[in-house]
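To keep things clear, I will list the structure first and then write my remarks on it.
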Amino acid sequence: AVMGRNLALNIESRGYTVSIFNRSREKTEEVIAENPGKKLVPYYTVKEFVESLETPRRILLMVKAGAGTDAAIDSLKPYLDKGDIIIDGGNTFFQDTIRRNRELSAEGFNFIGTGVSGGEEGALKGPSIMPGGQKEAYELVAPILTKIAAVAEDGEPCVTYIGADGAGHYVKMVHNGIEYGDMQLIAEAYSLLKGGLNLSNEELAQTFTEWNNGELSSYLIDITKDIFTKKDEDGNYLVDVILDEAANKGTGKWTSQSALDLGEPLSLITESVFARYISSLKDQRVAASKVLSGPQAQSAGDKAEFIEKVRRALYLGKIVSYAQGFSQLRAASEEYNWDLNYGEIAKIFRAGCIIRAQFLQKITDAYAENPQIANLLLAPYFKQIADDYQQALRDVVAYAVQNGIPVPTFAAAVAYYDSYRAAVLPANLIQAQRDYFGAHTYKRI
């Protein structure tokens, strides 16, 4: 409800009159009461709401993904005319969007599945917007979406036509997977700095402030520096009294499931999903901590040197994560015939969304230089970073393993990097085993 309200207010603030409807009359009245003088027009029946709109009608749905979306569409259909446009801005599974697009197209309606990132504040002030569906329908809503989208530093709005049917929601799903990876990598960096150097919250905030002024400059690093020094009403550091169980809404899982369907090695992002799952086994972990032995963390040595190693490891880990995510976008684009523009996708992530970061421009540049590049690690800038920073990543992972500090995504980054650069892997033995017990055959060199 908050996302829908904020998007309505955003659209209204750009000079539009907005018809609004909610199943709950009270919620509609509440929005009107809280926003006097705004060009928001309330309606209390679907029929009146639809009839209030100019044709072709442009209807933005912001409802809980799943059955709720189908129910909302079904309630609208009796009052729609051919050519009307429904925009689904929810966190919808892309296969559902493909299905709805197909069904509504057959009835003469247009359906635009649209990823919206930036949370409640982004919805109000300018989100990153990822629309997918019929190109001609997108052209009819583009003027509105362009006006309400976040604006990057170079003045470009953070919205672009992504591709047919489920492309927009697919890109949003991968965006969310990348977000999982970013957050877990940052959490592991925090764990290493606390476990290896015993940094105070003030020192952690200072470290992240410095990081945010360099290559790692991003929304997530920026908010993390603030989180470290936030105190509760009792004067305790808030982060230190938050239970170590990370919840999830399932979008990271969808990204990993799609990777399995496509045969894409999305290891880092998948480890970040699993890290949330194991965090939720709090009772088991507490019990296991009293039974299972392991090393106690020893000092990581020189403070400045280790902080810099962790910074480098974090940046290279982030690059590996995005390389995996964009490789998956390429595989999905081929599978679903979307013709995705990867440079443009990186561009619209530069503002408004949760993963906004300075280095996204480097991704856009890499695809501008070579649109067909198979993997971002092969682009000159990222190859150079890998050359310069891989030793730090290896050192940090080795330290973590020796000292019993779990770093699933840092470790996944090293494993993927070494696997990807290996001309020969031991898979020949696996294939021989498969042939031995199952007559699966093999290819000779």
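Every residue gets a Cβ built from N, Cα and C, even glycine.
The NADP(+) binding site annotation in Swiss-Prot covers Ala1, Val2, Met3, Gly4, Asn22, Arg23, Ser24, Val63, Lys64, Ala65, Asn91 and is backed by similarity to another entry. The feature substrate binding site is assigned by Swiss-Prot to Asn91, Ser117, Gly118, Gly119, His175, Asn176, Tyr180, Lys249, Arg276, Arg434, His440. Per Swiss-Prot, the feature active site, proton acceptor maps to Lys172. Annotation comment: Swiss-Prot describes Glu179 as active site, proton donor.
Features recorded in Swiss-Prot, as mapped to the structure shown.
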residue	record	Cβ contacts under 8 Å, 6 or more apart
Met3	NADP(+) binding site	Met62, Gly89, Val116, Glu120, Ala123
Ser24	NADP(+) binding site	none
Lys64	NADP(+) binding site	Gly90
Asn91	NADP(+) binding site	Ala65, Lys172, Asn176, Lys249, Thr251
Gly118	substrate binding site	Lys125, Gly126, Pro127, Ser128, Ala150, Gly352, Cys353, Ile354
His175	substrate binding site	Gly115, Ser117, Ser128, Met130, Phe349, Cys353, Ile354, Ile355
Glu179	active site, proton donor	Leu220, Gly252, Ile354, Ile355
Tyr180	substrate binding site	Asn248, Gly252, Thr255, Ile269, Ser272, Val273, Arg276
Query = Hey, which of the recorded positions Lys172, Arg276, His440 is the loneliest by Cβ count within 10 Å?
reply = His440
Task = Could you check the binding-site residues Ala1, Asn22 and say which one's CB has the most other CB atoms within 10 Å?
result = Asn22
Query = Roughly how wide, in whole Å, is the group Asn91, Ser117, Gly118, Gly119, His175, Asn176, Tyr180, Lys249, Arg276, Arg434, His440 that binds substrate, by largest Cα to Cα distance?
reply = 49
Key: Residues Ala1, Val2, Met3, Gly4, Asn22, Arg23, Ser24, Val63, Lys64, Ala65, Asn91 [recorded NADP(+) binders]: greatest CA to CA distance in Å   = 21
Task = Would you kindly give the Cα-Cα distance separating His440 (substrate binding site) and Ala1 (NADP(+) binding site), rounded to the nearest Å?
result = 53
Inquiry  = Give me the CA-CA distance between His440 (substrate binding site) and Asn22 (NADP(+) binding site), in Å, as a whole number.
reply    = 57
